[in-house]
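Reading through the structure tokens given below for one structure.
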Amino acid sequence: MNVNGENNEKIDEHHLESSLAGVPTLPVSPLDHAKDLSQTNPNAQIGDLVTQTANLIAIKKQLLEDIAFNQHIQSMQVRAIQSFPQNNQVAPPFQQFDPRRRGLARMQKPESYKTVICQAWLESKTCSFADNCRFAHGEEELRPTFVEPLQNNKYKTKLCDKYTTTGLCPYGKRCLFIHPDHGPNAYIRADKLLEVSQRHALADIRDQMEQHIMTNGRIAAPPLSAIQHPLEMFARPSTPDEPAAKLPLGPTPVSTRGPRYELPTKELHDAEGAMTYPPSRWPLDPSMFALDAWNMAHRPASPLDSMVLGSAPNAGSFGMLGKQNTPGGVSGYSSAGSTPSQDLSSSSLNAASAAAAAAYFANSAVAQSLLMKSVATDPMMSCNGPFSPMPGFDQLAENMTKHLNLW
């Protein structure tokens, strides 16, 4: 320890003298200092070497980590540069997702578009997809296929399941299986051809009717010359030979929803000369429904029929306003007896309806002509009979009220 102290003192004195003399001196490195110490103490030299080695290892490890990090950054920069467009092309701006692009992609027609007959159309000529169907609706829409035929050893070696079970195959002649006895139509079996043809015919009729309604807006009404007279329509029932389309649009006539009255064409008498009635169609007393010529000519109209006749544009004298076609014609009548409201025991609604119907039929020129014809042809229609040709208005209203209650 004394030797080291003396050496340090000598070094300090040397530096002090050099600094005082103005001569620059180099700093002593730790290694030189270690050499000086090694000359004096070998244990101190070993400790210094171990410390320096550990420091060098730590520095090397840090340098390796820095190199790896720099290489990673460089590789990322190279990738970013390579992703840029080449040849001075400008990258398109960022576009947001448009849901219509997916729809456009779906609208792209594949090669198999309209190359096979639609199964639903083949069965009944109706398809829920209509024009948007991917399959052909008829041979006129059938497109040729561009798929090259492949070598298939099983071609036409088995029966077609669709053709044999259901009688229909949308592939027709292009089917890879056997269609036994297909006849003139390769899509439909011979025994199913009539049934399918009927379905197609009904579909064509339905399409024509829909097209007619869509073009005209509504079903065209028949001309006035083809429309029957209101009394003729009410006097006889509709027959199956008469199509419903010829009937005028509006409320259903009485003859189609109630007892079917028919004007007697000739007299009905039994052997004793008494008046007989035709068989009734209701399971009630026939005398309540079979009317004589007078009551038939003056059969009261229901409120619905009265409105129909009163609102018809060509009704003429069939208006419900009385003789002079004024409201006073109904209520302002003269009668030898009491008024209908005093004699009728039914409700006020039936009485009012009976009075209106009586005024309508009594004041109608057509009713008068029918009345005179009935009087001329029917011997029972006399002044002494149950109903006189010109009875009192009260009696006429009472009789009509009885029949009006049947409705």
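Keep in mind that glycine also has a Cβ here, set from the backbone N, Cα and C atoms.
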Task: Among ranges 38-66, 154-182, 183-211, whichever one Swiss-Prot labels zinc finger - done: 154-182
- [ ] Could you let me know which of Ser29, Ser302 shows up in Swiss-Prot as phosphoserine?
- [x] Ser302
Open item on the list: So one of Thr239, Thr252 should carry the feature phosphothreonine according to Swiss-Prot; which one?
Closed with: Thr239
- [ ] Scan 1-39, 352-390 against Swiss-Prot and say which stretch is down as region 'Disordered'.
- [x] 1-39
Task: Long-range environment of the zinc finger (154-182) - Cβ separation under 8 angstroms, sequence gap at least 6 - done: 116-119, 122-123, 135, 145, 188-192, 196
- [ ] Could you pull out which residues elsewhere in the chain have a CB under 8 Å from any CB of the zinc finger (112-140), counting only those six or more residues past its ends?
- [x] 168, 170-172, 174, 187-188, 196, 199-200, 203-204
